[in-house]
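Below: one structure, written as structure tokens.
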């Protein structure tokens, strides 16, 4: 059998697996070094007791012949869909438009698969690598990278001479940690409706938004129901990174150019390819949603982020984002070349970061810091960063 040629279009290594390999190699060479990993956005705050209690009860039911149940509904437990509609969307989205999944990554893949090959995809530059990789794997015809720079306040420059099928937008953004305001999202929604495009809106970090003037969902914007699909996740907010649970919204108003509803095909795809998420996980999520918006984990990560921001600025770095998101986008002085920036932080500070260029060409000259670690690690990293100004450091000969 011939290989799927789409794989030949991918980078040899996924960004974060390459970072892990570099960290492991450094540890072998320097076993005495204490490395603080602020690169990958993994979580550190434990599950809430109410979530654990509900999960345990649900598992015990599966061990009792009287309460055992097998397959659950493919589209998600009705009680969880209703809870999400109430808490996150305040009735703007009906439970029937909410679909429970195992997380945003698989949602993104299924959405691209839903619309099929040959499409033109637009992504923010810099952006989460999964959008481009998934577009390549599913046979997209063209990928347009839209520059998001400090000069544009990290808002994508919308092309006027390109027909876009799927517009990938992440807000709060990974990697820049910045958030699009209502006016910016309205501009994107108006463009999509005028052009017949679909916005794939990644709201995985919406729980970090504390400013009431900022939208937490694309469906806060008038007109979005006819042009957008939203994905979200409990990985960061409830600590479900290893438990796995997310959801997506496909509005009934969203139609193909022939007038057929997209939601019909979406349900058909799920019925064929998916048997639903683990029932105890879904039931524990119902308890978790009741905790919103006052989440201890989010407060923990916000505190970490404030410590990092203060330390980085004290060390004379220019810092963007991190106030409404768990990521800080840090501009690196010109005397540190992009090809050396990961090794610079690893050797000089014993801190692992994510090089900005891994998120796209507009990420050159930047690195991403994650505030999702343990506070004691964040404090130690801040102490190392503030020992000297970055302008007093020298690039090591690596």
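Cβ atoms here come from the backbone N, Cα and C positions, even for glycine.
The pyridoxal 5'-phosphate site in Swiss-Prot is built from 71, 104, 105, 128, 205, 233, 234, 235, 244, 275 plus one of 9, 13, 173, 174, namely 174. Other Cβ atoms within 10 Å of the Cβ of residue 174 (substrate binding site), summed over all protein chains shown, number 25.
When the binding-site residues 105, 128, 174 are compared by Cα distance to residue 235 (pyridoxal 5'-phosphate binding site), the shortest distance belongs to 105. Secondary structure at residue 368 (substrate binding site), taken from DSSP and collapsed to helix, strand or coil, is strand. Between the two most distant C-alpha atoms of the annotated pyridoxal 5'-phosphate binders (71, 104, 105, 128, 174, 205, 233, 234, 235, 244, 275) there are 35 Å. Most buried of the binding-site residues 14, 71, 128, judged by other Cβ atoms within 10 Å, is 128.
In this structure, residue 233 (pyridoxal 5'-phosphate binding site) is part of a beta strand by DSSP. If you take the C-beta of residue 368 (substrate binding site) and look for same-chain residues 6 or more apart in sequence within under 8 angstroms, you find 39, 175, 177, 327, 328, 329, 330, 353, 354, 356, 359.
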